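A.B. asks: Sending over a structure as structure tokens; questions will come in a sec.
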Amino acid sequence: MTSEVQLPPGFRFHPTDEELVIHYLCRKCAKQPIAVPIIAEVDLYKFDPWQLPEIAQYGEKEWYFFTPRDRKYPNGSRPNRAAGTGYWKATGADKPIGKPVPLGIKKALVFYAGKALKGVKTNWIMHEYRLANVDRSAGKRANLRLDDWVLCRIYNKKFSLDKEHTIDQKAQKCSNSADQRRAIFNPQQNGSPRTVQPSVPPRLNGNDLLHFDTSDSVPMCHTVSSAGSGHAISPELTEVQSEPKWNEFEKVLDFELNYTDTIPNDPFVSQFRRRKRESTCWRWIIRTSPTPLAKHDFIVVEFYAPWCGHCQKLAPEYEKAASILSKHDPPITLAKVDASEEGNKDLAFEFEVAGFPTIKILRNGGKSSQEYKGPREADGIVDYIKKQLGPASVEIASIEEAKDHIDEKKIFVVGVFPEFSGKEFENFTKLAEKLRSDYEFGHTLDAKLLPRGKSSVERPTIRLLKPFDELVVDFQDFRPEAGEKFIEEESMPSLVIYDNDTSNHPFLSKYFNSVNVKAMLFMNFSEDDHSAFKSKFYDIALLFKGKGISFLMGDLEATEGVLQYFGLKEGQSPFIVVEKSSDLKFLKTNLELDQIVPWFKEYMDDKLKPFKKSEPIPEVNNEPVKVVVADTLSDMVLNSEKNVLLEFYAPWCGHCKNLAPILDEVAVLYENDPTVLIAKIDATANDFPSETFKVMGFPTMYFKSSRGKIVEYQGDRTKEDIVEFIQKNKDADIADTADIPQEQHSVEDADIADTNDIPQEQHSVKDEL
């Protein structure tokens with residue numbers, strides 16, 4: 001039937017969610033005519049999904065159907081999902097369609113081959129659209145019921161129309177290890193899983209047809225660079241698990257270095273096409289190759305998403321800057337790319353877009369990429385871009401030029417040469433080009449023109465001028481790696497200060513990005529002995545400069561959350577902490593001035609006991625879900641002979657609150673099973689071994705078998721799926737399914753969500769740490 005509907009040349013049927021609901025589903029339910037009969041009426045629950053393309057009216061890679069749905073119970077509302085030789089299973093949360101009042105509801109489902117609880121997941125996906133806010137009471141016969149028309153979009157995410165593997169074959173492939181559930185399959189690797197690295201969006205091939213829903217419930221995350229924090233896409237391609245680039249402590253700091261929203265899902269699907277120019281700033285959706293970028297020797301591109309709060313805040317300033325720079329001679333082009341549009345995967349991946357807004361400065365037709373690290377207001381954007389338009393290093397030929405370019409409050413790197421040629425000059429120029437986003441560079445033939453340092457040098461020299469420590473440092477090694485290391489190390493104060501002075505904030509980002517051991521002292525800077533503490537701590541910092549330890553002193557008035565992070569109270573400051581890793585810290589509270597050096601010496605001599613943050617052990621712990629704290633983690637979980645399901649949660653996490661009653665039901669189910677324990681731990685108030693439990697977001701659940709095998713739970717947050725996971729991972733000699741209610745073995749009850757209500761929280765998206 002796919003040949004019955006013919007569209008004019010160049011036309012494709014690719015409607016938006018809103019268009020499907022308004023122009024097709026609403027008209028169908030109202031029994032109004034549809035202009036083009038492009039959507040077939042099929043009871044798709046009588047077919048396997050790979051049979052549907054042949055009976056569709058139209059479609060090449062996705063197919064649309066109107067279908068009735070059987071109800072599980074004649075007078076009920078829950079649909080029957082059994083279909084063909086398997087069943088459709090809901091995944092993720094329902095998505096409202098239409099604003100401000102939802103007109104329709106979109107549900108995503110995955111087809112499983114075989115019987116419930118033993119079915120094997122396939123690559124067939126269905127998006128089901130139904131009308132919202134419909135009164136389904138039995139007394140109102142004129143209203144829509146669940147077994148009336150819904151609209152479905154079917155596609156195979158690997159573009160395959162072949163029948164799926166048999167259950168035995170597929171099960172064998174999927175049973176290798178739990179780690180495979182964390183991978184995204186790459187068709188070019190013959191079905192083997194490809195691990196997604198946290199700092200760059202996963203590379204998806206052109207034949208990976210992926211559909212994503214955005215979520216406004218994803219929390220904002222402040223990150224170091226405009227590319228945002230690293231993230232990983234979950235195996236279901238609907239969750240985002242935020243994986244910060246800094247250590248856990250950084251997240252309690254309350255400064256915004258960059259103002260980015262993390263990507264709530266992977267919105268990139270293919271290439272760019274040109275969109276209408278709506279203002280001074282160009283907007284593109286690119287679908288052609290080469291992209292319009294290839295026409296520009298110099299262009300600034302902002303990758304944004306409409307739902308991003310920081311993008312909305314930046315928008316008027318970016319537009320104003322675009323207007324100003326369009327009048328520059330020659331004109332400078334600023335462009336915007338909506339990275340939530342289908343079509344932007346390749347370009348966004350190429351430029352490592354991991355958060356919004358991300359601004360890139362592109363040269364040579366996009367062959368050279370530089371990250372924008374300037375201000376977020378129009379005048380600052382204009383000044384920064386103009387500087388980037390020029391050479392990476394400016395020549396300083398007079399004292400006046402030195403005054404114009406060198407700001408005493410900023411870092412400035414100068415190359416001093418006998419002539420502007422030779423290997424040293426060439427390497428310096430390349431170094432300046434590479435680091436121009438972070439530092440300002442200049443070059444001169446005369447060291448006397450510079451405000452600080454020796455008035456003459458015997459050989460080519462890199463001179464770094466800075467507003468702290470010794471103020472000027474010279475370096476003569478022009479090898480690229482050596483020069484870059486020198487600049488990075490010397491541009492960091494020996495003692496980083498964290499207070500309300502925003503000029504210190506760039507150093508904070510470097511501090512927490514460093515791989516060094518971190519020594520931190522916190523106190524109220526308003527106290528009389530603040531200067532004495534600072535002087536003593538600074539002396540220690542100088543002693544350890546270049547020895548793998550970074551030092552920071554923070555004002556408790558400017559670092560809200562630090563006390564809570566370490567589980568301390570106001571009366572316990574000043575305090576000092578050395579953090580070798582997220583799992584290994586040493587801490588001293590109520591620090592006296594004359595205790596700093598002896599305590600640090602004990603640390604260097606390995607005489608200190610590691611610090612462990614823990615809530616008090618509960619006096620009563622008789623709820624179905626048991627409470628675990630850091631001090632009981634070993635006894636109740638790690639060294640326990642029981643099978644333990646442990647939830648890592650945060651008190652503020654909405655998804656954790658939604659999961660709580662479900663875990664209670666699971667715990668009640670196993671109350672009479674002495675071999676199983678359901679437990680939870682507040683991950684914000686208790687330390688735990690991060691190498692054992694990799695908690696990227698909340699809630700996260702791990703299962704520890706009686707023999708010690710630890711597996712992360714990656715399924716849906718339903719009682720049925722959690723019970724199935726426990727039964728599957730319990731040690732074989734004690735596993736027993738006798739106590740599991742029969743109702744959990746039916747196909748229909750394997751569904752995730754009742755379709756009556758729109759969930760208030762999208763539980764498919766993890767709350768970020």
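These residue numbers are counts, starting from 1, taken along the chain as shown.
Cβ coordinates come from backbone N, Cα and C, glycine included.
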A.B. asks: Quick test of your reading of TrEMBL: among 230-265, 698-733, 734-769, where does it put region 'Disordered'?
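C.D. replies: Comparing 230-265, 698-733, 734-769 with TrEMBL, region 'Disordered' matches 734-769.
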A.B. asks: Pull the DSSP breakdown for the domain 'Thioredoxin' (602-731) and write it out as helix, strand, coil residue counts.
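C.D. replies: Output for the domain 'Thioredoxin' (602-731) reads 39 helix, 27 strand, 64 coil.
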A.B. asks: Give the mean pLDDT for the domain 'NAC' (7-157) on the 0 to 100 scale.
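C.D. replies: The predicted confidence over the domain 'NAC' (7-157), as a mean pLDDT, is 79.
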A.B. asks: Look at each of the disulfide-bonded residues, Cys308, Cys311, and point out the one with the fewest other Cβ atoms around it within 10 Å.
C.D. replies: Cys311
A.B. asks: Rounded to the nearest angstrom, how far is the Cα of Cys308 (disulfide bond) from the Cα of Cys653 (disulfide bond)?
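C.D. replies: Spelling it out, the Cα of Cys653 (disulfide bond) and the Cα of Cys308 (disulfide bond) are 20 Å apart.
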A.B. asks: Among the disulfide-bonded residues Cys653, Cys656, which residue has its Cβ surrounded by the fewest other Cβ atoms within 10 Å?
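C.D. replies: Across Cys653, Cys656, these disulfide-bonded residues, the one with fewest Cβ atoms within 10 Å is Cys653.
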A.B. asks: What does the structure give for the C-alpha distance between Cys656 (disulfide bond) and Cys308 (disulfide bond)? Integer Å is fine.
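C.D. replies: With distance taken Cα to Cα, Cys308 (disulfide bond) is 24 Å from Cys656 (disulfide bond).
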A.B. asks: For Cys308 (disulfide bond), just give me the three-state DSSP call.
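C.D. replies: Looking at the DSSP assignment, Cys308 (disulfide bond) belongs to neither helix nor strand, so coil.
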